[in-house]
């Protein structure tokens, strides 16, 4: 017996040792996924600018004919190299940077990507190749501050020719020589109709708070492909439903009185419909604050750099400059669930009657979606108790840019129990009550991509469930109202059309369920009809579970328009739980996505991933992403492989703007996401380990006896009263 006890103690000790070692390796390896530090960015910049063969100059400045750094971000290690660190505690692979350089000062301008290593003291750079070794078209590059400065210059010249038209029809607003009544602009993408073009529709708006919903009815098509801005040209003009070949024609028609013009109403600065200033009667008291989130005894999670631990969860995170929020090495109780869950792309494809509206197909990685994560407001964007972290990016700049408090981590109560049951005795009392408060950890950042604000969340529940969610808010993309525009949206204010559009969000999910050997099956139901075994003259009709194993990538790709399985289940065929089931997780969707263009139609080729709400393939280190910063301005000739890697999840929703979108789109009803839910991964609900459970049983006298494992009194900032529960019920 003593020998058995010794063996048991040894096994427990070995288990504890292994768990401790695994945690240590996860913590040690997290920095592999950390974004570049400001020091690393400066070192890479200085190293490349010191290479005479590259001829690099400063990024800022108005010259377009230059060689300069556009983007710098972490180049991820190969998965098998990272796993040696995470699973064996071996040395971390060499840290590297991905650098995008625009070579404009040469006979054939192009975009070249380099992998620079090792960091923080680089000594080498190598070029990165793409499909078919094709060069990246220079015209596909994202637009920069330098190019915008020249767009402003040409708009000054254009609007000077139609100054009278604009000034007299907008209530005294102008683009040039203005003081407090200025016009601004929004530029539309993609910039052209086929590869190699750089032609942009630009619409003018009143420069007031929320100018996105103040179009003035003037749009112009500018060809800015040439690197000499003096050679840029105006190709088309649109005003109030009428097309013109040039601005002179519009000005001439206005002077002759033959122009169908529009007179916009004047606005007082204090009464603009696009502002956040409260208006209307409020039924809510304003002399007291609403409820707030508190941590009575301090935080229960731990953040160390980019490594986070909470209630059995651990993971590393980064905010990729070109895409956004991503997590790596996701574990629960030491077991890896996923190697990577990462945002890849967000698009918004519009419809409309004006040329700008019908051309708008925003592909947000092309606007460096990850770099527009601005400061989060305590108490609004995140609770005041949250841990706020700074982010750093190097995009269209000459030095690292710090985005203060741009990411937050916090634990919150959902106001909904994770589990609960009232067990009635059906005689006015109860046998017991049991419940567990639902606390979750939230990792959050935002992307303000021009008019829209995306709120990106990862939520971690105590029962081994992870949720990924995106909520859309901000201003709608509005164009000038025309009667025909009602086919493509809603009139939301005088002369303003809210254009219908579809949001699609693309995620990469690289699952490693209890190891790398994972399989995929879908589950559906079918009706079965059989003779009732205890009443032979009757039949039983009920649902039966039907499982389909997906052995090929073609079988595991589910297109829009075809029936989607009820359950999608990923499991390890070599690992079983206590009950003989293969350990697995399933994906549960909260989405209303659908395709945005017919398959193969021009711009759809650049977003081929949008054909599938779910596609599962084998992991390939050579296919790390599904989109790129070049797709926005060249969706017709996509640089990446047509069949996308790994498991890809597509979320989305249709938005038909309505009057309640003024001034802003609100988050309720505009959130989509997915859950990773354990499916026989554990032997029972892992939240049983939570000591926040409360059980109430009546004692012999019928008085409630409370059993709990946390302090009886929460804290004076919540309530100074102990927990009480009666549980009885009776007639009155």
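Quick reminder: no glycine exception, Cβ is built from N, Cα and C everywhere.
Taken from TrEMBL as is:
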ACT_SITE  364  active site, proton acceptor
ACT_SITE  452  active site, schiff-base intermediate with substrate
DOMAIN    51-124  domain 'Copper amine oxidase N2-terminal'
DOMAIN    141-241  domain 'Copper amine oxidase N3-terminal'
DOMAIN    292-688  domain 'Copper amine oxidase catalytic'
MOD_RES   452  2',4',5'-topaquinone
SIGNAL    1-19  signal peptide
Alpha-carbon spacing, residue 364 (active site, proton acceptor) to residue 452 (active site, schiff-base intermediate with substrate), which is rounded to whole Å: 10
Residues near the residue listed as 'active site, schiff-base intermediate with substrate' in space but at least six apart in sequence (CB under 8 A): 348, 472, 473, 474, 475, 477, 665
Tally of residues which DSSP labels helix, strand or coil - the domain 'Copper amine oxidase N2-terminal' (51-124): 10 helix, 27 strand, 37 coil
Cβ-Cβ neighbours of the residue listed as 'active site, proton acceptor' (radius 10 Å): 28
Mean of pLDDT values spanning the domain 'Copper amine oxidase catalytic' (292-688): 93
